[in-house]
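K.L.:
Just lifted these from Swiss-Prot, have a look:
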TRANSMEM  33-53  transmembrane segment
TRANSMEM  77-98  transmembrane segment
BINDING   HIS83, HIS182  heme b b562 binding site
BINDING   HIS97, HIS196  heme b b566 binding site
TRANSMEM  113-133  transmembrane segment
TRANSMEM  178-198  transmembrane segment
BINDING   HIS201  ubiquinone binding site
TRANSMEM  226-246  transmembrane segment
TRANSMEM  288-308  transmembrane segment
TRANSMEM  320-340  transmembrane segment
TRANSMEM  347-367  transmembrane segment
Amino acid sequence: MTNIRKTHPLMKILNNAFIDLPTPSSISSWWNFGSLLGLCLIMQILTGLFLAMHYTPDTSTAFSSVAHICRDVNYGWFIRYLHANGASMFFICLYAHIGRGLYYGSYMFQETWNIGVLLLLTVMATAFVGYVLPWGQMSFWGATVITNLLSAIPYIGTTLVEWIWGGFSVDKATLTRFFAFHFILPFIITALAAVHLLFLHETGSNNPTGIPSNMDMIPFHPYYTIKDILGALLLILTLLALTLFTPDLLGDPDNYTPANPLNTPAHIKPEWYFLFAYAILRSIPNKLGGVLALLLSILILIFIPMLQTSKQRSMMFRPFSQLLFWTLIADLLTLTWIGAQPVEHPYIIVGQLASILYFLLILVLMPMVGLIENKLLKW
């Protein structure tokens, strides 16, 4: 008798995706982050669902409903902090996953890469609208500042902002629609993730060498299921440590003050995972220019496959490209630090230099070094 997992229409799909999937034998722990992102998504949807049962998307009760969740609901504080810190873990895994793709040339699978960029944008949108929901000071002012950036669009900007707000300022209508967006977007992310996997399984996984590994494949189960379980345990351990010992480490104290349109916080800043983009936005003194730089800082990922000049796919055997890659990582960490600092000397100039270096590395230096490496190898 043939195994049910190979004949049943539904089981067959799962079998081909997670059990009998031929996988390169040499993929390292950097390939764990895809499954960890799936785990993060499931955790966020589940904790979010339980939070939504007790939350009220209304300006007069939103803040107190979050306080009620933390004080009166059984393990409400735990669910709330799992959800908040789960978002941070999500972005850590996301950035590691993208970094892996950049380093090993996984972006050459263009459909998978483009769906991935779309996923990144959707997750960022979800995190942004979610941050508004507790209706603290930073929620309110973050929403005001970021949505107001759209007013930089010529001609239709102001109308567009008022349309998104549902009035002339961030108010009840804004909170209600942001809650609706925050509820629906994770399901759109789930659908996109399925398409992402579909395209990946058309080509098969890349590997650290960047060389086709069709002659050296092993089944996904048990080899990589056990490896993914180890990664999942480490992720859960880190998340639990963060949630139970320092739940507010990555949050902003201003968000424990109820939203007040009459009182602006001294330093308006987003959550840590948006700080690099926020630093790029602030480094340009022109509003429209800043918005364009902010957009380009993320959308530049779409152009990465077109900027590939090296004859080698992976950076594994390219020491000069490796140097530039780690310079880019250091630059992004610098931008993240600058985004959290006030707008004053010397942070302004450091932010501007780091922003220039970011675009220079991706658009000019890395493609140039790829060509130089080809010459050195006489290719």
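Cβ atoms here come from the backbone N, Cα and C positions, even for glycine.
Map the listed features onto the structure and describe their local environment.
P.N.:
With a cut-off of 8 Å between Cβ atoms, the residues of this chain six or more beyond the transmembrane segment (33-53) that come close are 69, 79-80, 82-83, 86-87, 89-90, 93-94, 96-97, 100, 182-183, 186-187, 189-190, 193, 228, 231-232, 235, 239.
Long-range contacts of the transmembrane segment (77-98) within the same chain, counting only residues at least 6 positions beyond its ends with a Cβ under 8 Å from a Cβ of the stretch, are 30, 33-34, 36-37, 40-41, 43-44, 47-48, 50-51, 66, 69-71, 116, 120, 123, 127, 130, 235, 238-239, 242-243, 247, 250-251, 271-273, 301.
Packing around HIS83 (heme b b562 binding site) is summarised by its Cβ count: 21 other Cβ atoms lie within 10 angstroms of its Cβ, all protein chains included.
Counting every protein chain shown, 21 other Cβ atoms lie within 10 Å of the Cβ of HIS196 (heme b b566 binding site). A helical conformation is recorded for HIS196 (heme b b566 binding site) in the three-state DSSP classification.
With a cut-off of 8 Å between Cβ atoms, the residues of this chain six or more beyond the transmembrane segment (178-198) that come close are 17, 37-38, 41, 44-45, 48, 52, 55, 57, 112, 115-116, 118-119, 122-123, 125-126, 129-130, 132-133, 143.
Residue environment of HIS201 (ubiquinone binding site) contains 14 other Cβ atoms, counted within 10 Å of its Cβ in all protein chains.
Beyond the transmembrane segment (226-246), the same-chain residues lying 6 or more positions past its ends with a Cβ under 8 Å from any Cβ of the stretch are 29, 32-33, 35-36, 39-40, 43, 78, 81-82, 85-86, 88-89, 93.
Using a Cβ-Cβ cut-off under 8 Å and counting only residues 6 or more beyond its ends in the same chain, the transmembrane segment (288-308) has close neighbours at 98, 102, 105, 107-108, 110, 113-114, 117, 120-121, 124, 149-150, 152-154, 276-278, 280-282, 355, 358-359, 362-363, 366-367, 370.
Long-range contacts of the transmembrane segment (347-367) within the same chain, counting only residues at least 6 positions beyond its ends with a Cβ under 8 Å from a Cβ of the stretch, are 279-280, 282-284, 293, 296-297, 300, 304, 307-309, 321, 324-325, 327-328, 331-332, 334-335, 338-339, 341.
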K.L.:
Specify the count of other C-beta atoms within 10 Å of the C-beta of HIS97 (heme b b566 binding site).
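P.N.:
Its Cβ shell of radius 10 Å holds 20 other Cβ atoms.
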K.L.:
In whole Å, note down how far the CA of HIS97 (heme b b566 binding site) lies from the CA of HIS201 (ubiquinone binding site).
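P.N.:
Taking the Cα atoms only, HIS201 (ubiquinone binding site) lies 17 Å from HIS97 (heme b b566 binding site).
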K.L.:
Are there residues of the same chain, six or more positions away from HIS182 (heme b b562 binding site), whose CB falls under 8 angstroms from its CB, and which are they?
P.N.:
GLY48, THR126, VAL129, GLY130, LEU133
K.L.:
Quick one: Cα separation, HIS196 (heme b b566 binding site) versus HIS83 (heme b b562 binding site), in Å?
P.N.:
24
